[in-house]
Amino acid sequence: PGVVLMISFTQDKSSYAWEGYFYAVLLLVVALLQSLVLQQFVRRCFVLGMKVRAALMAAVYKKALVMSNDNRKESTVGETVNLMSADAQRFNDVTNFIHLLWSCPLQIIVSVVFLWLELGPSTLAGVAVMLLMVPVNGLLANQAKKIQRENMKSKDKRLKIMNEILNGIKVTLKLFAWEPSFQTQVEDIRGEELKVMRKFAYLTSFSTFISNCAPTLVSLATFAVFVGVSSDNILTAEKAFTSISLFNILRQPLSMLPTLIASIVQTAVSKKRLEKFLGGDDLESDIVRHDSTTVFFTLLLPLFPSVSLDIKPGGLVAVVGAVGSGKSSLLSALLGEMHRTKGFINIQGSFAFVPQQAWIQNATLRDNILFGSPYEEQRFEDILEACALGPDLKLLSAGDLTEIGEKGINLSGGQKQRVSLARAAYSQADIFLLDDPLSAVDSHVGKHLFDKVIGPNGLLKDKTRILVTHGVSFLPCVDEVVVLVNGRVSEVGSYQSLRASKGAFSEFLDTYGTEQKDFISDSEDDQSDVSLADDVSLMLRRENSIRRSQRGNRSRFDPTVQKLRKAVSPLYIFSLYQTVKFSVWLQYVQAMGWGYAFWALFIYVMQNVAFIGQNLWLSDWTNDAVEYYNQTYSPKKRDTRVGVFGALGMAQGLFVFLGTLLLTNAAVNASRLLHSRLLNNVLRVPMVFFDTTPLGRILNRFAKDIFTIDEVIPHLFSSWIIHLLGIVGTIVFLCLSTPLFIIVIIPLAVIYFFVQRFYIPTSRQLRRLESVARSPIYSHFGETMSGLSVIRAYNHQERFMKHNEVTIDENLKTIYSRIMSNRWLAVRLQFLGNLVVFFAAVFAVISRNSIDSGLVGLSISYALNVTLTLSFVVNITSQLETNIVAVERVSEYAELENEAPWVTQDWPSEKWPEAGRLQFVDYKVRYRPELDLVLKGISCDISDTEKIGIVGRTGAGKSSLTNCLFRIIEAADGRILIDDVDISKIGLHDLRNRLTIIPQDPVLFSGTLRMNLDPFDKFSDEELWRVLELSHLKDYVAGLKEELQHEVAEGGENLSVGQRQLLCLARALLRKSRILILDEATAAVDLETDDLIQTTIRKEFSHCTVLTIAHRLHSIMDSSRVMVLDAGKIVEFDSPSNLMEKQGHFYSMAKDAGITHESETSF
């Protein structure tokens, strides 16, 4: 109505000037009131959304803690994290706009009523057109939903593979030179994803076209009907511009509704996913009873068939059996983690649990051991001492306060296991479940741990202990031995009685018979005990030596640096004013393609020209009302007016359609290019990068940043261009119609510029802080999921929930600040917009004699439009600047320095290495340029088909030696020759394809068994079956429903550790190379499997050069020579028998392992 008053005022030349000014002020006041109320409303909505998200995240976390294992198998950790991140966010977004559900219809009704008053029944024509748009939009939204679903599927698939690639890159991909196979897998999935994105792009362009034509069609229909119904109806300026203002008001709720509906639909999908997750089965809480009547526990569990056991309190029970006989499952059952078909478990007291693969939290070493218990210095020291952690602490930069990275990255395997044991010992539980804690440590450390912690004289001597073990040497010291065969308890009894009974157990012992009597005599004889303690501390001092301590103690874990960081945070403010580099924008546009970008821009400019043209035509049309006052209006003229008006409107829609089409296509191009660059490069980065960068950070580039480039940036980019041009067009028009306006535009523009320069960096920084505060939530969640059994065993669910709440709260602080900063901006920008309207009105009053009423109406209704668009542009600019950072981050990783080329000009002959002769020539190596040497000048000559054992304390450089053979780390000096070829001269893949390694941790990928053995499909099925037979897996695989096509779960979860190890053996057998490296491949395997592996290797690799890095000296007593490493140098290198006679390093190690001259001959 304000507009109407202004127009009638300019038309009526007799009215007083004050009336005009009064109307102008009235417009301003109303607009200001509207702004303030609106901002208050928006703030409340956003805060509500934030609360909803927090509640959902907490619920998902809480559920994850009580989920049953069957339920856990259904969703991978990644999918569950997705529920927390993506799905909770959807709820947040929909809550922000939920009120539009009723306010949109209300706005529509009010506008229609006002239009009726202006134009009478012909309004219905416009409304009818609008209603027709609804089903069309609905159809489009449905299509979009389908496409979106497909897209999410490929995204999940791609991230799953990426996650596995990153997890396996250290151990498997690089060593086996398998990167190309996985790269093509990812590229294929990505191709599917881009196809779907293209479809989505066409769909969006079409729906943009429709929504852009809508206002034109609506006003066209209304005006055409209005003018056509009777010749009395003349379109006056008041009528036309009031209607256009009202139609513009209508436009917003109408364009918002489809978005809102789509958003609600997406949320409904998320709701289903959340319901499925939250409604899944919980662990049965009644499996484990805590009756005080019985003090032992009975376990009737159809683990496989059935198990019954009574264990007396205070006893030490050993559980032995072959791989896959259900030892770990037995412990899971005791913890109530298995699915029970019948029976029950009765337990008196609380649990402590040491899992087979140690679970370490990303916290300080002390927190890892205390695990939520209060710190008591003396007890803590005693436990560190007993678990042989004292010497390790001296090597860590901050002692027990050293921060440990994700998954315990800066600890060696043995240290992780000892920390895990220390945690159990500190917990003062009543029952200790120890799942093979001694396999990951060297034999003398194992002995120390048994004596000091687990054994009859250890710290835990009064507690009930159930020890799953592969080490025969400890069995004489336990109270009871439980023998499992295929999930049944075959025998229970003391070591002596079982030995006598000649059952399965004594066979088991006879096979692995070097019964180490001296182990027992040793501990009774004090003098050797003293030397042992020294030995342990010496060995541990080195254990952590060079590599691990340096790899781990990067500054990010160092508390002093942490403190510094906190102190420095005020300096952060300086970085606020750095804008995103212009080069990043250029990079993105370049990735899109210059041709695309130019044409898209040109078409958008044309669209704007059409828009202004249409409105000028309209203002000219309204002047007919004055001209033809009281005259008949010729139908021909009327038709021209209506026709041109419609044509210009349609042209706008068409231009927008073409522009959006070009832009979205360009964006898909950019996505393709940036992702393949990133993937290509990350797979070619040297290992050091993976050692020093948390995997989450790399994965985030593939997840969040690529998502941003795929979906967020293109959308923002196109709307940014459209709205920016819209504002420019409006201002140009205002200055043309009322030249006085230029005077005001300049100061307003300056204010506007400053407001946005102040706001954008702040908002960008707030977003950064928000994402920094977001990652701890997810990493804590991922950690919880992987350590679920431990947390449940210790009964610490409450504490972890509290921690989760704290991390979520930290995140909410930053979100709230961001919401408020947005409101701050909106209030200021709306004020500016309102001033534009005010001045447009005032100038209309001043120059009312020189200006026609059509233009007045036009300029005011334009000015009203600017308000909305202004705040829109700033918001979009800020979002674009925030999001374009993704391009920067992706290209940062796409430009990392690569390792040596995979294939070079001088490639070795097809048959190389024919003999398999190895020479090290004064070889030196360091992990990173700034660190000390790890191998300090190694020279040796290994002739073909020799079998070499490599031994040494942990950290002596054994694993570094294999890393050098594969050039995982490049030489600092010296060289390695294989069959007289210098390996540093050939391509990495040429080298790695010709060597074979059976790595320490068996890594499998999700996919078929076939793909895990032969990712390049080079071998026939017969060959695969042959190696499976040799690696003793044939019966197992043949018994599976899909045989070679059997799906392996993420990380090989559905195979036992021993089976995974055998699969790795099968991989090695397939490659048939002349040089085989065994990296402690027998650490996680029981004696039987160990025996299988050893025999196979002896037989199948007899013509090869074999290097074995051994933990257990038994396995290398039959080598042709043994290399003893110490602190990066070779100290002894001779045949085992000669070394035993020399009574040097090797002799002392053998003595600790309980090997003496006599027993050695039995090999």
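Note that Cβ sites are derived from N, Cα and C of the backbone, with glycine treated the same way.
Per TrEMBL, the feature domain 'ABC transmembrane type-1' maps to 3-266 (among others).
Under the heading domain 'ABC transporter', TrEMBL lists 288-511 (among others). Mean pLDDT, taken over the domain 'ABC transporter' (288-511), works out to 78 on the 0 to 100 scale.
According to TrEMBL, the domain 'ABC transmembrane type-1' annotation covers 598-882 (among others).
Per TrEMBL, the feature domain 'ABC transporter' maps to 918-1152 (among others).
Summarising the annotation, TrEMBL assigns transmembrane segment to 20-42 (among others).
Taken from TrEMBL, the feature transmembrane segment applies to 97-117 (among others).
Sequence-distant contacts of the transmembrane segment (123-142) (same chain, at least 6 residues past either end, Cβ-Cβ under 8 Å): 112, 115-116, 203, 206-207, 210-211, 214, 217-219, 221-222, 224-225, 247, 250, 254, 257-258, 261-262, 265. Look at TrEMBL and you will find 123-142 (among others) tagged as transmembrane segment.
For 200-229 (among others), the entry in TrEMBL reads transmembrane segment. Tertiary neighbourhood of the transmembrane segment (200-229): same-chain residues 115, 119-123, 125-126, 128-130, 133, 136-137, 140, 143-144, 147-148, 151, 235, 240, 243-244, 247-248, 250-251, 254-255, 258, 614, 633, 638, 641-642, 645-646, 648-650, 652-654, 656-657, 660-661, 664-665, 667-668, 714-715, 718, selected by CB-CB distance under 8 Å and a gap of 6+ residues from either end.
The feature transmembrane segment is assigned by TrEMBL to 594-613 (among others). Proximity of distant same-chain residues to the transmembrane segment (594-613), defined by a Cβ-Cβ separation under 8 Å and at least 6 residues beyond the stretch ends, is recorded for 648-649, 651-652, 655-656, 658-659, 662-663, 665-666, 669, 721-722, 725-726, 728-729, 732-733.
Per TrEMBL, the feature transmembrane segment maps to 642-663 (among others).
Same-chain residues lying 6 or more positions outside the transmembrane segment (712-734) and placing a CB less than 8 Å from one of its CB atoms are 201, 204, 208, 588, 600-601, 604-605, 607-608, 611-612, 615, 656, 659-660, 663-664, 667-668, 741, 745, 836, 840, 858-859, 862-863, 865-866, 869-870, 872-873, 876-877, 879-880, 883-884, 886-887. Look at TrEMBL and you will find 712-734 (among others) tagged as transmembrane segment.
As annotated by TrEMBL, transmembrane segment applies to 825-847 (among others).
A Cβ distance under 8 Å defines the sequence-distant neighbours of the transmembrane segment (642-663), meaning residues of its chain 6+ beyond its ends; these are 201-202, 204-206, 208-210, 212-213, 215-217, 219-220, 223-224, 227-228, 592, 596, 599-600, 603-604, 606-607, 610-611, 613-614, 617-618, 621, 714, 717-718, 721-722. Tertiary neighbourhood of the transmembrane segment (97-117): same-chain residues 41, 45, 123, 126-127, 222, 242-243, 246-247, 249-250, 252-254, 256-257, 259-260, 263, selected by CB-CB distance under 8 Å and a gap of 6+ residues from either end.
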